[in-house]
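Peer 1: My questions will all concern the structure given below.
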Amino acid sequence: MGIGRSEGGRRGAALGVLLALGAALLAVGSASEYDYVSFQSDIGPYQSGRFYTKPPQCVDIPADLRLCHNVGYKKMVLPNLLEHETMAEVKQQASSWVPLLNKNCHAGTQVFLCSLFAPVCLDRPIYPCRWLCEAVRDSCEPVMQFFGFYWPEMLKCDKFPEGDVCIAMTPPNATEASKPQGTTVCPPCDNELKSEAIIEHLCASEFALRMKIKEVKKENGDKKIVPKKKKPLKLGPIKKKDLKKLVLYLKNGADCPCHQLDNLSHHFLIMGRKVKSQYLLTAIHKWDKKNKEFKNFMKKMKNHECPTFQSVFK
């Protein structure tokens, strides 16, 4: 990650500030020196005339801000560049993006998102380069569409600078370095079997079911999943009267593999969300009580409280 000028792919720090962003960010000093940051900027949310109840502050990035805790620097500014004024709001809004980050759709996803959700402490706001936004969008939106999401208006790339100092990861012409080492597996089926990751998927989903599957067939470019037995863990938008005739869809999944569906003799943990009239599968795991991580998930699920703010995607 670095601060660069987007024109001609040049990178550099044209800022007379001191801040350490680690080896990946151009060296500019220690963030711990800043307890208060006063932004004098003519771009972004500070131009909007919005009244903030508190002046901008430089604060520690908390461990439970999972999206940005390991981004490479330790302090961030509040309000952030998405106009979130409190850490509670930042954590709740950022949690929507953690499952996407885990999909590794682009090498610059975390750098791009954290430059907005958890901007580094400088004497004025520095936005991500437009080309970085476009590269992340072009790589990640196809993955998002498997989950029924599109690139949100709040991250529209033409809002970000082209010819000014901006947050960069690699030069714009180094596209080969930013391409993900991806897989052909349907993204909702490509899940890490870690209790924390399952909890994150649960919170990002609207409903969760323990399910036995009757059959899977292709329909209009999707995989259509017909349940045999189901027990709700989290109903969300599903009405009890509709459970009997519930059908799920793996969006755009007709031709990508989902290895969990190769053997339907198991019970599954199915998570999803409703998009228009369809119930979309957003994550699937074999229901395996013998697995240590799955057992941990079951314990955590009983007491875990998911974020309550409305999703940034809606």
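Positions of Cβ are set from backbone N, Cα and C atoms, glycine also.
Okay, so Swiss-Prot annotates it like this:
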type	residues	note
SIGNAL	1-31	signal peptide
DISULFID	Cys58-Cys121	disulfide bond
DISULFID	Cys68-Cys114	disulfide bond
DISULFID	Cys105-Cys140	disulfide bond
DISULFID	Cys129-Cys166	disulfide bond
DISULFID	Cys133-Cys157	disulfide bond
CARBOHYD	Asn173	N-linked glycosylation site
DISULFID	Cys186-Cys256	disulfide bond
DOMAIN	186-306	domain 'NTR'
DISULFID	Cys189-Cys258	disulfide bond
DISULFID	Cys203-Cys306	disulfide bond
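Tell me about the setting of these features in this model.
Peer 2: Cβ-based neighbour count (10 Å, all protein chains) for Cys58 (disulfide bond) stands at 19.
The local packing around Cys68 (disulfide bond), expressed as other Cβ atoms within 10 Å of its Cβ over all shown chains, amounts to 27.
Long-range neighbours of Cys140 (disulfide bond) (same chain, six or more residues apart, CB within less than 8 Å of its CB): Leu100, Lys103, Cys105, His106, Thr109, Trp151.
In the three-state DSSP reading, Cys129 (disulfide bond) counts as coil.
Counting every protein chain shown, 25 other Cβ atoms lie within 10 Å of the Cβ of Cys133 (disulfide bond).
Around the Cβ of Cys256 (disulfide bond), 17 further Cβ atoms fall within 10 Å across all displayed protein chains.
Counted with DSSP, the domain 'NTR' (186-306) comes out as 32 helix, 47 strand, 42 coil.
In sequence order, Leu250, Gly253, Pro257, Cys258, His259, Gln260, Leu261, Ile284 make up the list of same-chain residues 6 or more apart from Cys189 (disulfide bond) whose Cβ falls under 8 Å from its Cβ.
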Peer 1: Between Cys166, Cys258, which of the disulfide-bonded residues has its C-beta surrounded by the fewest other C-beta atoms within 10 Å?
Peer 2: Cys258
Peer 1: Roughly how many Å lie between the Cα atoms of Cys114 (disulfide bond) and Cys203 (disulfide bond), rounded to a whole value?
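Peer 2: Counting only the Cα atoms, the answer is 20 Å.
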Peer 1: Whose Cβ, among the disulfide-bonded residues Cys114, Cys121, Cys306, has more other Cβ atoms within 10 Å than any of the rest?
Peer 2: Cys114
Peer 1: From the disulfide-bonded residues Cys121, Cys133, Cys157, Cys166, Cys186, pick the residue whose C-alpha lies nearest to the C-alpha of Cys203 (disulfide bond).
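Peer 2: Comparing Cα positions, the closest of these disulfide-bonded residues turns out to be Cys186.
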Peer 1: On a count of neighbouring CB atoms within 10 A, which of the disulfide-bonded residues Cys105, Cys129, Cys157 is highest?
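Peer 2: Counting every other Cβ within 10 Å of each candidate, the maximum falls on Cys129.
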Peer 1: Just how many other Cβ atoms lie inside 10 Å of the Cβ on Cys203 (disulfide bond)?
Peer 2: 19
Peer 1: Looking at Cβ-Cβ distances, which residues of the chain lie under 8 angstroms from Cys186 (disulfide bond) while being 6 or more apart from it?
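Peer 2: Within the chain, Cys186 (disulfide bond) has Cβ neighbours under 8 Å at Phe146, Lys223, Leu250, Asn252, Gly253, Cys256, Pro257, Cys258.
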